[in-house]
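Participant: Dropping a structure here in structure tokens format, bear with me for questions.
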Amino acid sequence: MGLIRVLANLLILQLSYAQKSSELVIGGDECNINEHRFLAIVHTDISLCTGTLINQEWVLTAAHCDGGNMDIYLGVHNESVRYDDEEGRVPAEKFFCLSSRNFTKWDKDIMLIRLNIPVRNSAHIAPLSLPSSPPSVGSVCRVMGWGTITSPNETYPDVPHCANINLFDYEVCLAAYPEFGLPATSKTLCAGILEGGKDTCVGDAGGPLICNGQFQGILSWGDDPCAQPRLPAVYTKVFDHLDWIQSIIAGNTDATCPFVNF
């Protein structure tokens with residue numbers, strides 16, 4: 001078993017820029033240009049991640065995607081073709097569940113970013129709403145990004161790819177990764193394809209898991225090589241963090257994250 005992808009993501013900037021390092025999905029197809037208007041590229045000194053625009057001023061991503069000199073790009077479909085409505089932003093503020101930015105307890109890998117300037121809805125930019133209810137085990141979920149489409153050797157395309165995967169009971173991930181000592185209960189989601197072949201991968205961290213049209217998860221980590229049988233990925237559960245997200249957006253910067261008894 002290789003290093004988990006949360007670590008591999010931090011090494012992605014060492015790749016040649018000739019490879020077009022960004023975000024993508026193993027076993028997927030090119031996304032429809034109209035289905036990812038909320039998708040953000042999150043670029044820092046140490047990593048390339050993705051994020052999700054949840055209103056004109058706020059982006060959700062993974063805490064481990066934090067780094068210096070962060071740039072956020074919205075409205076991108078083809079990295080070699082610039083659209084008139086593409087937007088670049090930097091963070092005005094970043095908020096974390098833990099003041100120490102410690103995501104090693106797995107349930108706290110979430111970061112809320114306030115953009116320095118709000119974006120406007122356009123042909124290629126529009127937010128994705130927060131979920132109104134939790135997801136159901138067995139749901140078919142959509143993942144997307146510009147990350148590597150091959151693993152362990154990495155190949156980066158110019159356009160985002162999308163794939164459908166399944167939402168499992170959390171116990172499936174407990175059984176898949178016994179060596180990590182995962183907590184018995186968790187505010188994360190477990191998703192993938194048990195027979196392998198489709199998966200998120202290096203560079204997709206922080207990206208959305210969309211189940212039945214609702215934004216339910218933020219990619220946290222998975223196995224490397226990607227898309228192996230019976231080794232699904234782990235996603236921060238957005239629904240369980242709604243109170244924290246909405247409180248921060250409303251101006252309560254002292255809001256605390258939900259507690260899990262480990």
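Positions of Cβ are set from backbone N, Cα and C atoms, glycine also.
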Participant: When you check Swiss-Prot, which of Cys201, Cys211 turns out to share a disulphide bond with Cys226?
Facilitator: Cys201
Participant: Look at the disulfide annotations in Swiss-Prot and name the partner of Cys211 from this list: Cys65, Cys97, Cys141.
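Facilitator: Disulfide partner per Swiss-Prot record: Cys141.
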Participant: Disulfide-wise, see what Swiss-Prot says Cys173 is paired with, picking from Cys97, Cys190.
Facilitator: Cys190
Participant: Which of these links to Cys257 by a disulfide bond in Swiss-Prot: Cys97, Cys162?
Facilitator: Cys97
Participant: For Cys49, which disulfide partner does Swiss-Prot record out of Cys31, Cys65?
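Facilitator: The record-listed partner cysteine is Cys65.
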Participant: What's the CA-CA gap between Cys211 (disulfide bond) and Cys97 (disulfide bond) in angstrom, rounded?
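Facilitator: Cys211 (disulfide bond) to Cys97 (disulfide bond), Cα-Cα distance: 24 Å.
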Participant: Distance between Cys201 (disulfide bond) and Cys190 (disulfide bond) at the Cα atoms, whole Å?
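Facilitator: About 14 Å separate the Cα atoms of these two residues.
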Participant: Counting other Cβ atoms within 10 Å of each residue's Cβ, which of the disulfide-bonded residues Cys31, Cys65 comes out lowest?
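Facilitator: The disulfide-bonded residues Cys31, Cys65 were compared, and Cys31 has the fewest Cβ atoms within 10 Å.
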Participant: State the three-class DSSP label for Cys65 (disulfide bond), counting H, G and I as helix, E and B as strand, and everything else as coil.
Facilitator: helix
